[in-house]
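Novice: This structure is in structure tokens; I'll ask about it shortly.
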Amino acid sequence: SDCQVSNIQVMQNFDRSRYTGRWYAVAKKDPVGLFLLDNVVAQFSVDESGKVTATAHGRVIILNNWEMCANMFGTFEDTPDPAKFKMRYWGAASYLQTGNDDHWVIDTDYDNYAIHYSCREVDLDGTCLDGYSFIFSRHPTGLRPEDQKIVTDKKKEICFLGKYRRVGHTGFCESS
């Protein structure tokens with residue numbers, strides 16, 4: 001891959017209704033700035049009109065040392081490509097981040113794994129200057145061995161290989 005954002009391949013024939021439900025983030029590539037640390041779980045829904053919405057939670061540290069569970073909300077605007085959305089997101093509390101990011105589904109089998117990608121800022125050379133990505137699993141225990149290779153190949157294709165950190169699930173957000 002030449003790492004041009006405009007050349008990144010996304011999921012073909014993406015089926016939003018099969019994508020709904022709960023996904024556990026098992027790895028993430030961070031953007032610049034405040035971000036969810038771990039215990040990240042996302043829930044996607046599609047309403048009667050076909051609109052996609054999502055909620056997510058995860059552990060954050062704000063004000064340098066205050067640890068809390070952040071609840072986030074997002075609405076998805078369709079684009080001509082069914083696997084590419086514009087996501088407007090905000091937090092349940094005013095001090096959490098708000099924004100408008102691309103939300104691309106790079107690949108998924110709907111039942112086990114999904115690879116998400118978002119480039120916030122494209123560099124002058126067409127590569128991604130600031131972006132983030134989640135590797136999602138339907139299982140809190142992580143990816144199945146047979147999905148690992150596919151995911152590694154896709155990380156390479158989106159030029160984020162070696163930039164991911166594991167996302168732990170300790171139940172932090174369940175208790176709060």
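Each Cβ is built from the backbone N, Cα and C atoms, and glycine gets one as well.
Pulled these features from Swiss-Prot for this protein:
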type: MOD_RES; residues: Ser1; note: N-acetylserine
type: DISULFID; residues: Cys3-Cys159; note: disulfide bond
type: DISULFID; residues: Cys69-Cys173; note: disulfide bond
type: BINDING; residues: Gln97; note: substrate binding site
type: DISULFID; residues: Cys119-Cys128; note: disulfide bond
Novice: Please determine which of the disulfide-bonded residues listed here (Cys69, Cys119, Cys173) has the lowest count of neighbouring CB atoms within 10 Å.
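Specialist: Among the disulfide-bonded residues Cys69, Cys119, Cys173, the lowest count of other Cβ atoms within 10 Å belongs to Cys69.
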Novice: Quick check on the disulfide-bonded residues: of Cys3, Cys128, Cys159, whose CB has the lowest count of neighbouring CB atoms inside 10 Å?
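Specialist: Per-residue Cβ counts within 10 Å for the disulfide-bonded residues Cys3, Cys128, Cys159 bottom out at Cys3.
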Novice: Within 10 Å of the Cβ of the residue listed as 'substrate binding site', how many other Cβ atoms can be counted across all chains shown?
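Specialist: For the residue listed as 'substrate binding site', the count of other Cβ atoms within 10 Å is 14.
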Novice: Provide, as an integer number of angstrom, the distance between the C-alpha atoms of Gln97 (substrate binding site) and Cys3 (disulfide bond).
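Specialist: Between the Cα atoms of Gln97 (substrate binding site) and Cys3 (disulfide bond), the distance comes to 28 Å.
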Novice: So of all those disulfide-bonded residues, Cys69, Cys119, Cys173, which one's Cα sits nearest to Cys159 (disulfide bond)?
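Specialist: Smallest Cα separation from Cys159 (disulfide bond) among Cys69, Cys119, Cys173: Cys119.
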Novice: Just the number: how many Å between the Cα atoms of Cys119 (disulfide bond) and Cys69 (disulfide bond)?
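Specialist: With distance taken Cα to Cα, Cys69 (disulfide bond) is 25 Å from Cys119 (disulfide bond).
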Novice: Checking the disulfide-bonded residues Cys69, Cys128, Cys173, which are within 10 Å of Cys3 (disulfide bond) at the Cα level?
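Specialist: Neighbours among disulfide-bonded residues, in sequence order: Cys128.
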